[in-house]
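Pulled from Swiss-Prot, these are the features on record:
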- 33-53: transmembrane segment (TRANSMEM)
- 62-82: transmembrane segment (TRANSMEM)
- 116-136: transmembrane segment (TRANSMEM)
- 172-192: transmembrane segment (TRANSMEM)
- 223-243: transmembrane segment (TRANSMEM)
- 309-329: transmembrane segment (TRANSMEM)
- 348-368: transmembrane segment (TRANSMEM)
- 374-394: transmembrane segment (TRANSMEM)
- 404-424: transmembrane segment (TRANSMEM)
Amino acid sequence: METTTTPLLPGDRSRCGWLRRRLRLKNPLSSELSGAVGDLGTFIPIVLTLTLVSNLDLSTTLIFTGFYNIATGLLFDIPMPVQPMKSIAAVAVSESPHLTPSQIAAAGASTAATLLLLGATGAMSFLYNIIPLPVVRGVQLSQGLQFAFTAIKYVRFNYDTATLKPSSSPRIWLGLDGLILALAALLFIILSTGSGNDREAEDGDLAETSSNESQSRRRRLRLLSSIPSALIVFALGLVLCFIRDPSIFKDLKFGPSKFHILRISWDDWKIGFLRAAIPQIPLSVLNSVIAVCKLSNDLFDKELSATTVSISVGVMNLIGCWFGAMPVCHGAGGLAGQYRFGARSGLSVIFLGIGKLIVGLVFGNSFVRILSQFPIGILGVLLLFAGIELAMASKDMNSKEDSFIMLVCAAVSMTGSSAALGFGCGVVLYLLLKLRTLDCSSVTLFSRSSDESQVDSEAAPRDV
């Protein structure tokens, strides 16, 4: 009896090819895994603080953000980060009274609905195309430097989870979260990754030297760059959690928390929108969509659709916030951090998403006991490299005018702690400089031609 095989339909073949492309490594596996943890310097402190202060459901947050990582890794084919909405988190824990989980969810859903509306109507794509590049670079520079400043404070001072800020007491030199540990992690990452150059760029530089010397240096640099430095440092931090507090083993409970839909009252919507969503919306538009699209073009030579990124942020939060998950967005700082430590494909964040799912399903809310003992100095080191990588995206501002706009925008953003304020000043400055160099002769010629045409029309005989 003959057996026949049915070939794949064209649509099935194209879908399989699309999935294979999305699941293809663009860097060695060790580098992709190292890059996957490159943005945890911001993720862990904010999640830990919201869990301890605002009673955030950690298990639900890990499960939903794990699904987000997997979905965005497949959708965008780059290490698209999933990070907390920082302005909402800051308001939730630093202002009195603290926001409740329902109010945090209302703020996240309000921000998400705004970004979804901007993306669906095409307004986000319009903004992306008309905003001057020096202004975007100014926002990126200010965000990167703010990350770096915060990272240095994490390394130098003890961390206060009640305020989401470093405390005034300096960090001790010795100990399992001391300065020596943080400095050792810093030196290890610098020696293994250098300034963050790609291998191709390093090979091009070495090609100009003598052949024997360049070959030995190339082998040494390839060996160093193959070390998953961020992954090793993060794994060391996890081990130190159990050494610092062995009672963690007794407090761990297996299984996720029960899913439930939050009850959000009208007062929760009002408080969440007025106190947290209003300052978050401009930051999400600038840093989570526009800056991410610009940075992806710089790092991966891939132009992302501002519409797709905006809708992605909207859909994620309109689903997860109703179950108590932390409001999240895509951040340029997280993208820069993951790229800095070796992530080049969407498979990197897929690995991260799988890890979050496993932790959320196995340990649930008890995982906060582990996070509470994680050395903050190590997180500061990871955050420092992410901030520097984001700030270095502004290196393409070659003209003095572009650099002037960028620096003014960054200075205002950092002084007022508001990316929206710096963005507004940058746009006004850009328009003033363009108005200053506007060719007035064209305006004069146009006015003269209009006057002459008016005289000719008056002199022409009218038909009776």
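Note that Cβ sites are derived from N, Cα and C of the backbone, with glycine treated the same way.
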Outside the transmembrane segment (374-394), six or more residues from its ends: residues with CB under 8 Å to it: 37-42, 44-45, 48, 137-138, 140-141, 143-155, 158-159, 171, 176-179, 181-182, 185-186, 189, 193, 196, 230, 233-234, 236-238, 240-241, 244, 294-295, 298-299, 332-337, 339-341, 406, 410
Spatial neighbours of the transmembrane segment (62-82) not adjacent in sequence (6+ beyond its ends, CB under 8 Å) are 19, 21-22, 35-36, 39, 256, 292, 296, 300, 302, 304, 308-309, 312, 316, 319-320, 323, 325-326, 328-331, 333-335, 337-339, 343-350, 352-357, 359-361, 367
Which range wins on Cβ pairs under 8 Å with the transmembrane segment (348-368): 33-53, 172-192, 223-243, 309-329, 404-424? 33-53
What stretch in 172-192, 223-243, 404-424 has the biggest tally of Cβ pairs under 8 Å against the transmembrane segment (33-53)? 223-243
Cβ under 8 Å, sequence separation of at least 6 from the ends of the transmembrane segment (172-192): give me the contacting residues as numbers and ranges. 155-156, 224-225, 227, 229-230, 232-233, 236, 240, 243-244, 375-378, 380-381, 384-385
